[in-house]
Amino acid sequence: MDDLTPMMKQYMNIKAKYKDCILFFRLGDFYEMFFDDAILASKELEITLTKRDCGREEKAPMCGIPYHAADSYISKLIDKGYKVAICEQLEDPALAKGIVERDVIRVITPGTITDLNALDEKSNNFLSAIFVDEHGVGIAFVDISTGELYTTEFYGNKKDNMSFLLDELGKIVPSEIITNSIVLEDEKVSKAIQMAINPYIDVYDEQLANVENCQEIIAKHFGQGYIKNSGLEDKKYSIIATGILLNYLQDTQKITMEHINDISFYLPNKYMVLDINTRINLEINETIRGKEKKGSLIWLLDRTSTAMGGRLLKNWIEQPLLDKKEIEYRLDIIEKFTENIIFMDDVKNCLKEIYDLERIMGKIVYGNCNGRDLISLKSSLYILPKLKQLLIASEDPNLNEIGKNIDTLNDIYNLIDKAIVDDPPVSIKEGGVIKTDFNGEINELREMSTKGKEWLAKLEEKEKERTGIKTLKVGYNRLFGYYIEVTKSYLNMIPEDYIRKQTLSNSERFIIPELKEMEAKILGAEEKLIDLEYNIFIKVRENIKSETRRIQNVSKIIANLDALLSLSEVAYNNNYVRPELNSDGKIEIRNGRHPVVEKMLKDILFVPNDTHLDNKDNRTIILTGPNMAGKSTYMRQVAIITLMAQIGSFVPAECANISIVDRIFTRIGASDNLSQGESTFMVEMNEVSNILQNATENSLIILDEVGRGTSTFDGLSIAWSVIEYIALNIKAKTLFATHYHELTQLEGKIKGIKNYTILVEEKGKEIIFLRKIVKGSTNKSYGIEVARLAGIDEDIINRANEILNQIEKSQGFNGSLKTDKEMKSKETEQLNIFEYNISKIIDRLKNIDVIKLTPMEAINILYEIVESAKNL
């Protein structure tokens, strides 16, 4: 590096510390990038790549962006999966002796971005740290834009640990993960994380992952004694994960982050488990086909007025409760709101006036808020006394308590009201932010500045009169200060005391002694004023920052109230009812409706259906009926109503009594997972395996067309075995849709299995789907009729009917199968004709000596086997 210029040496030394980042190197009003960073950034940002002298014979590749426009460029790079290190000038270049001191003040990553324009206002942007070993797993995650920090842990074998990890990550959906290498070494888990979440992943130094080191990191941030006082003492895995997370933040953010002032620990069994497949299949956050928010459950339920409330409601939907008391608390408040719609509207109108207090506080802590942010905070605080009184005046004790807990933050409101002008400029470094009467010195300097400008106006008029030059004007720029500008057509009228300063294409600029004397006074006053206003703003900001916890407490109350109000509004507008909750294992729904499908239907009336499941005689519903009749919609409907009840929401039904379930499993639809080398059937079997291994008798299982990814008899065998195992061993409440009509024989043979079907009306060649679920079964799939509805050519339909008739006549299978219990008790029973013929073919195949077989003999034997198979 000896051949580099001093500035380039400085750049290279700093870049060496941040090799995994694109380095934004501050030079005046620009961030510059050099060498490989410049080549990469110019391509990704679509900006011009140039060159700059660097001391070597070959110039250094270079590109740059204006510092005031950096946020949008940084966001683009973050979206593309890069990290950006911000290197700032740490001293005034005008005062520097030699090279300006520079250093990285912050590293921006996908999990640490705070630019509000780059964040979804109603979603958290989580950074997650993971610690896994052979005995357990710890997860900590933080949203640095709001200051929320959570952690949990789980103890188990490797398989259970990884299953827990995937379930939690599916809920958190972090944009960035820092982990130890053990997670990435598990290829299946690593691929699952990338496929489902696709986060930026960093691997930390394993030496960091020890309890003592992480305890010190936590104590440094939260204070000595915090771990003990917060009940984390025996939470080894959470301590390590949280310590690693905080250490990463210290390394990248390089500030104290006062808004992260608490750790929220939660037990895994506090919430219903929804694995990644279930979230996708129930379309909780986005639709399966279009990946759109419209048509999802969050789209339906989110009527929040604040960003804070929107984020909290999303978290509620992701984490349905298991505690009946907590659920009833939410239901009580929703009931009160729906009973008094005028009161509900009054509260909503208050909430509409409140900005995103959590993220405003994040900007204040980071030191990048401006005057407009403080005005947004002030206008939010202005509404708090009215909201407090509204709630206290209500007759509901829960709402009374919420109102009493609202801190109106009058002192903070008054500080902003006295200090900050009502319509401040975007920048806090150009003046015009602080009110004149807030500070005596500001008043004096502004008066001096005003008088100076008045003097300049008088000078302009005086010089016009003295010189006779009507176009003469007094102007200013940063390079020359104040000047008198005269167009070239009047240059012959210039007085002798005018001193030429600058020549332009159409005019020339001059100065006179009295103008330079006044310039020093005016600029001195304005410079002092700008510096004073900036320093006062910083003090106001620091005063507000010291009250971070108070503002966060109010933010949480507002968010909670907003989320409850949103559920109340949806319940009222859509005629939902309050569900009853039980611990008896019953799910009883009368005239239930799928809330999203109902909302999406415009001119069509949704057909409601009943559901009765329990832990005894009605554990399993085998649901038959044609495609398009509504089987999948019905099963999703039951799952979503159960989920809604457990987030504390009213539900779309005439009445509902819901047993609290620990998990909802879904196996719906089929798609090849080619990037992981898995076929449709393999994906299906993996999902079924997960259900069979993790479901309990308190779970709700939704299975749609298990076994359809393989041959008919393989599929039937697997479907039969799966439903039998669930009914006899797991005993979970299960909805099982199938086209294998043979499975309906299980009713009466296995306790708890009941057959249901969807009514279809036949009118000649046409069928009408009535969408009504009734007891009983059907042995017709109506596949050809559905093909006709889809618009398949009539000639093809007729030929399909001919083929179907031939198959039905030649089919030797009588549809009679035995349960596992029956087969074990009748092992010596003679095989039916179908089973006998199959066994003959299998025996023939087993006895073939492939090595000795000639090609012609092989063809002849294959022909004989094919002919035998045709006669089955």
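The backbone N, Cα and C atoms fix where each Cβ goes, and this holds for glycine too.
All TrEMBL annotations are machine predictions without curation.
Quick caveat, the model's predicted, so the values are computed rather than measured.
What TrEMBL records for GLY625, PRO626, ASN627, MET628, ALA629, GLY630, LYS631, SER632 is ATP binding site. In this structure, SER632 (ATP binding site) is part of a helix by DSSP.
Look at TrEMBL and you will find 699-715 tagged as domain 'DNA mismatch repair proteins mutS family'.
With a cut-off of 8 Å between CB atoms and residues at least 6 apart in sequence, the same chain places LEU623, GLY625, ASP704, ALA737, ILE758 near LYS631 (ATP binding site), listed in sequence order. In three-state terms derived from DSSP, PRO626 (ATP binding site) belongs to neither a helical nor a strand segment and is classed as coil.
Scoring each of the binding-site residues (GLY625, PRO626, GLY630) by how many neighbouring Cβ atoms lie within 10 Å, the top position goes to GLY625. Cβ-based crowding with a 10 Å cutoff singles out ALA629 as the top-ranked of the binding-site residues MET628, ALA629. ASN627 (ATP binding site) has a Cβ environment of 18 other Cβ atoms inside 10 Å.
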